[in-house]
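Here is what Swiss-Prot says about this protein:
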- Lys26: SUMO2 cross-link (CROSSLNK)
- 52-134: domain 'SCAN box' (DOMAIN)
- Lys215: SUMO2 cross-link (CROSSLNK)
- Lys238: SUMO2 cross-link (CROSSLNK)
- 254-276: zinc finger (ZN_FING)
- 282-304: zinc finger (ZN_FING)
- 310-332: zinc finger (ZN_FING)
- 338-360: zinc finger (ZN_FING)
- 366-388: zinc finger (ZN_FING)
Amino acid sequence: MNTNSKEVLSLGVQVPEAWEELLTMKVEAKSHLQWQESRLKRSNPLAREIFRRHFRQLCYQETPGPREALTRLQELCYQWLRPHVSTKEQILDLLVLEQFLSILPKELQGWVREHCPESGEEAVILLEDLERELDEPQHEMVAHRHRQEVLCKEMVPLAEQTPLTLQSQPKEPQLTCDSAQKCHSIGETDEVTKTEDRELVLRKDCPKIVEPHGKMFNEQTWEVSQQDPSHGEVGEHKDRIERQWGNLLGEGQHKCDECGKSFTQSSGLIRHQRIHTGERPYECNECGKAFSRSSGLFNHRGIHNIQKRYHCKECGKVFSQSAGLIQHQRIHKGEKPYQCSQCSKSYSRRSFLIEHQRSHTGERPHQCIECGKSFNRHCNLIRHQKIHTVAELV
């Protein structure tokens with residue numbers, strides 16, 4: 001045997017080992033890549049939203065034929081709902097969430113989808129926070145307007161009963177020393193504050209007022225005269241009225257640069273801006289989920305409180321529903337109430353019995369989307385899908 005034959009023979013012996021090593025490296029690399037991809041999909045709700053859109057928007061004309069269209073829909077639905085890692089309740093919640101978003105107005109649909117809620121409860125919390133953001137300025141505006149209307153109603157009847165302007169009485173000043181003393185005596189009664197308050201508001205509307213000695217003075221002179229200690233209560237009430245009117249006139253001074261919405265208080269603007277920035281400073285200590293408002297965190301904590309109601313006394317495991325606790329306790333007690341009518345085998349859970357009965361009926365509900373092969377157990381399908389993964393690498 002010549003040298004070339006020996007080299008070929010030696011290569012023939014070494015090639016399978018090198019090929020096996022290369023194949024192992026490829027399988028490990030792809031497994032790591034799939035693990036990273038699945039981790040990204042689990043941690044990123046936006047990925048599930050993309051799969052949902054593809055699932056809903058797939059056109060028959062985009063596929064080569066009916067089988068390919070059905071297979072593609074199965075793949076997208078599988079990636080969207082993730083039945084291998086999601087419970088029935090979670091899948092049901094996703095379907096309800098989709099229908100809930102579809103009945104919302106289009107403007108709210110887009111806004112809620114941008115925040116990528118993972119459940120219907122999260123979508124409701126987002127909408128409730130948004131409603132509170134929108135209602136706060138309107139509520140304050142209504143309160144100010146109500147105070148303004150009450151103030152005007154008190155001013156109008158008093159102005160009709162006691163005219164004090166020069167036009168109504170140009171030549172005969174009515175405010176004498178006797179009348180001033182009378183007013184002073186009235187001021188000692190329980191109604192003094194209310195009467196003086198109305199006179200003060202009325203005088204603000206009058207350009208000039210008659211003084212006891214017939215001297216005319218304007219609003220500035222009146223304000224100086226109110227500095228007298230005997231009129232302290234009137235001046236204090238006047239300041240309070242001016243502050244209320246100042247708040248009304250200054251309404252909307254805090255404006256959002258993004259959408260132009262105005263708020264009376266800076267705290268309202270700060271809460272509103274979190275909608276645009278996506279900031280969520282309130283974080284749950286249990287699961288790490290964050291919220292833009294404290295009310296959202298408060299409502300979310302109720303979920304954890306509900307989830308921790310049912311404790312197993314044997315091992316300390318926690319369940320959100322009593323049925324889950326009852327099923328779990330059968331493990332400790334050894335109870336197997338579900339019995340197969342074919343072979344009399346017993347199981348602690350009904351799902352185990354259903355899975356066992358497929359061995360008698362021949363039912364295979366778990367189908368591979370790659371080749372169409374069916375299996376009676378989901379674990380067998382997962383084991384089978386590894387064959388396709390290795391084939392793709394080769």
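Placement of Cβ uses the backbone N, Cα and C atoms for every residue, glycine included.
The residues of the zinc finger (366-388), classed with DSSP into helix (H, G, I), strand (E, B) and coil, number 11 helix, 4 strand, 8 coil. If one looks beyond the zinc finger (310-332) by at least 6 residues along the same chain, the residues whose Cβ comes under 8 Å of a Cβ in the stretch are 348-349. Residues 121, 125-126, 128-129, 132, 271, 274-275 of the same chain sit 6 or more residues outside the zinc finger (282-304) yet have a Cβ under 8 Å from a Cβ within it. When DSSP labels each residue, the zinc finger (282-304) comes out as 11 helix, 4 strand, 8 coil, counted as helix, strand and coil in that order. Using DSSP to sort the residues of the zinc finger (254-276) gives these counts of helix, strand and coil: 11 helix, 4 strand, 8 coil.
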